[in-house]
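**Q** My questions will all concern the structure given below.
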Amino acid sequence: MKRFTILSFVAALFFLVVVGFGGKRSLSPSKLPNEKETKRFTPFLTVNDSARFHPLLREPSKNELSSARLAALKAYLVVNADSGEVYSARNVNEKIPPASLTKLVTAMVALDIATSSAKLTASQKAASQEPTILGVKPGETFTLEELIKAMIATSGNDAATIVGEETLRPFSGNEEVFVSLMNKKAELLGLGNTNFTNTQGFDDENQYTNAYDLARIARYAYKNYLPIRTAAASRYAALEETERHGFYHLPNWNALLTTYPGVDGLKIGFTEKAGHLTIVTATREGISLIAIVVGAGSIVDRDLAAAALLNYGFQKEGIKGVKVDESLIKPRLDEWRELREQILQELYRESKIATESQNVKP
């Protein structure tokens, strides 16, 4: 029988809002590793020549779309994933919190260092993370591939914590060194306006990026990391119960999957400071685009803005746009709410059974 892991009330709130929010959970300056430790692991990081980017070809600051929904965003960008041509952009150099889009870099660094089959164990810290979470228990063990799915599709903060804490353990490394490698990876990719202090995407004044750098992150992850791309394209998956861990739902919060033809990724995010963000990838008639949306007011606004950007980019390539409206997005939200109710009912039953068991006197 499938076993559902007990979540806290805070985790239940996650399923209510269908996105994760961030608290301030970053590394303090006193815990940052020295340069020698960072250099020890830098050779693990892979950056192929194509990623030194023929950089994005242009930044058309005046090429903004006349849409009230897009005008309300903090920033946006739509770019050709192959040529790097930017079709439209706004505020691409504005400093922003990356929220859970951070997890793309977390995943890339982990895959540079370890194999997909590497086994990583959940700590008490991982089990106590704020939403978005799976609800892992201390001592449960997952493969890196499973954690990549949990980070990219479901945006699990506990999964990102496990990856940060455990990936370097065979090499006597730790979470602090892992975060330093995320920054080294950003440097190798030529990202001059990005810095990380945590693996999850929690808000912190020293954790920042911009839409231009996000496009470069997305473009490189999309083209070079098949496990990320595979996880991002899955509308729903599950981790079946094994002797290593319990059963977990892995819904994907990208509502454009299956509602906009050709969409196959990539990552959503949300914090109170950042608002709703998304990176959406799509391929139609051999043309691949990346749309970046930053600071939307709701999930619906986020995804409709991304659809509008994709339409604009495809139309520039002579490909007809696709009509996407709330009637297509809201059914996905309803699906998520139904799944939330199902999970909470199972969690309540398991919690009740566990409580009654603890109250039984020998």
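Even glycines carry a Cβ here, placed using N, Cα and C.
TrEMBL entries are annotated by machine, without manual review.
Dumping what TrEMBL says about this protein:
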| type | residues | note |
| --- | --- | --- |
| DOMAIN | 73-296 | domain 'Peptidase S11 D-alanyl-D-alanine carboxypeptidase A N-terminal' |
| ACT_SITE | Ser100 | active site, acyl-ester intermediate |
| ACT_SITE | Lys103 | active site, proton acceptor |
| ACT_SITE | Ser155 | active site |
| BINDING | Lys267 | substrate binding site |
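For the listed features, I'd like the structural context: burial, neighbours, distances.
**A** Counted within 10 Å of its Cβ, the other Cβ atoms near Ser100 (active site, acyl-ester intermediate) come to 30, all protein chains included. Classification of Ser100 (active site, acyl-ester intermediate) by DSSP places it within a helix.
A sphere of 10 angstroms centred on the C-beta of Lys103 (active site, proton acceptor) encloses 29 other C-beta atoms.
There are 30 other Cβ atoms within 10 Å of the Cβ belonging to Ser155 (active site).
The Cβ of Lys267 (substrate binding site) has 32 neighbouring Cβ atoms from other residues within 10 Å, across all protein chains displayed.
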**Q** In whole Å, note down how far the CA of Lys103 (active site, proton acceptor) lies from the CA of Lys267 (substrate binding site).
**A** 8
**Q** Using C-alpha atoms only, work out the spacing between Ser100 (active site, acyl-ester intermediate) and Ser155 (active site) and round it to an integer in Å.
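**A** About 7 Å separates the two Cα atoms.
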